[in-house]
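Comments concern the structure below.
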């Protein structure tokens, strides 16, 4: 029993480390798997792709890199990219150095005598920016100037890009991105835990070596529990939210028995484990503050999509290899219709907000209550309305949430106590974060006085704790309870519409990030000498014929060897080849 767990963990750790070889977990055939199609095969994509500058040149990571490469080959455009890079650097500069960095940008790019002067930024805007810089520099100082540059780039430069080999290469990447995804796209490793409809296991993309967590939703279990809308809702929300503080959906596919969500793998365990199983319960305030800030950023990204999470609790906050956190398990999240409120008594006992317990209509307010519960628990080492391991009925916990005030020990600083009280205000209308400004209001609380959120969002701040890379922060394989077999449920063609909505393959932004992070983009994104067209982008160069299979090569060789034979034997042999060829094709298509 113990041996099985050791073997499973050893295999997983080796996969996480890249297998110990130069390929870093990639298949021997990874270049074959990611071989570009000839550009002639991308014409349908060219006709149908949405030609939106923001999407193609900014939001999509590979699109952004290729547009930059295009600009760097055009005299006069390179300085615009350099200016945008400088503005991005300015926004993550420490507050005390903003003035100095701002002056550098003004002098280099917004002064007429400069060799890289950005003429497209109007003089009135330059004067306003300079005045604000002299008064008090802020993070958003150059936002309007950057917007002005983007407005210029989305014009003639963007249209030139669409006719360039760089956009053709982007179409090749999109063609690869849209290839079918199946269970054979991945290697499967040990079970990490259980979800509502099935197991969660570690997996690895064969082509890139990137590790993910695969959440299996058993088809029969979904159908028995009538969970189709819940499963599809989670998938669609994950697909739309692109946040470094929320687990990302990279792939969605189906097998004969299950629907599979391939998600960011978080190897560092959950906050519940770290609060209660690593020394004395709770964290030092500095560590609690860091996690609270990242959770707040994740909520802000969800709320930007008008999505309320509704299930904030320590076990749903996961740590990655480096100690950063992400919000996971969006099964109870729901998108709120524009200008509307929703109702629903869902969540976890002890963490549900008063308005949820009272079955009142609400918007995003339950998430700020949940944040208050989390900050309290991280510092105190127990939840605000229930003692650690306290045996108490659900009704009593609900009563405490509605009627009693939480108790604060010596562990809380005045700022920590203040933010918890303001987030745990029972009247949602008076709660911190529930006004028009939302997360921005919470960020201004004195508890976060020393937190530079721009640098945090850019991944430039070191976490207070880094998980052990040689540890597997989950239960032993045999301690994870297995699901029972679902009986009395049959799958039929009426389920196919739901499966087709779910199994949509790769998700653009995570897939493109995977190509960049695993250096597949760097290795494959090669053009001809001195910027010339490579054969796969040359319309006058016919595409390479597909490689022949082993059987075809053997038959060809045998045919050549027998070409000197008598006509009768040759006819007989050809008949034999044709028979085998038909048989082989039949087998291959099954």
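The backbone N, Cα and C atoms fix where each Cβ goes, and this holds for glycine too.
There are 22 other CB atoms within 10 A of the CB of residue 311 (active site, proton acceptor), with all protein chains counted. The DSSP secondary structure for residue 311 (active site, proton acceptor) is coil. The feature active site, proton acceptor is assigned by Swiss-Prot to 311.
Sequence annotations record features per position, and here Swiss-Prot assigns ATP binding site to 192, 193, 194, 195, 196, 197, 198, 199, 200, 215. The secondary structure of residue 198 (ATP binding site), as reduced to three states from DSSP, is coil rather than helix or strand.
Taken from Swiss-Prot, the feature compositional bias 'Basic and acidic residues' applies to 538-547.
Taken from Swiss-Prot, the feature compositional bias 'Low complexity' covers 563-590.
Annotated domain 'RGS' per Swiss-Prot: 53-171, in sequence order, evidence recorded as sequence analysis. DSSP states for the domain 'RGS' (53-171), grouped as helix (H, G, I), strand (E, B) and coil, give 86 helix, 0 strand, 33 coil.
On the 0 to 100 pLDDT scale, the domain 'Protein kinase' (186-448) averages 93 in this prediction. Taken from Swiss-Prot, the feature domain 'Protein kinase' applies to 186-448.
Residues annotated as domain 'AGC-kinase C-terminal' in Swiss-Prot: 449-514.
The phosphoserine feature in Swiss-Prot is assigned to 484 (among others).
Summarising the annotation, Swiss-Prot assigns phosphoserine to 579 (among others).
Feature annotation from Swiss-Prot assigns region 'N-terminal' to 1-185.
Per Swiss-Prot, the feature region 'Interaction with calmodulin' maps to 20-39. When Cβ-Cβ distances below 8 Å are used as the criterion, the region 'Interaction with calmodulin' (20-39) is approached by residues 14, 168-169, 171-173, 175-176, 204, 206-211, 518, 520, 524, 536-539, 542-544 of the same chain, each at least six residues removed from its ends.
A sphere of 10 angstroms centred on the C-beta of residue 196 (ATP binding site) encloses 15 other C-beta atoms. Nearest in space to residue 311 (active site, proton acceptor), taking C-alpha to C-alpha distance over the binding-site residues 192, 194, 196, 198, 200, is 196.
The Cβ neighbour count for residue 194 (ATP binding site), using a 10 Å radius and every protein chain shown, is 16. In the region 'Interaction with calmodulin' (20-39), helix, strand and coil residues by DSSP number 5 helix, 0 strand, 15 coil.
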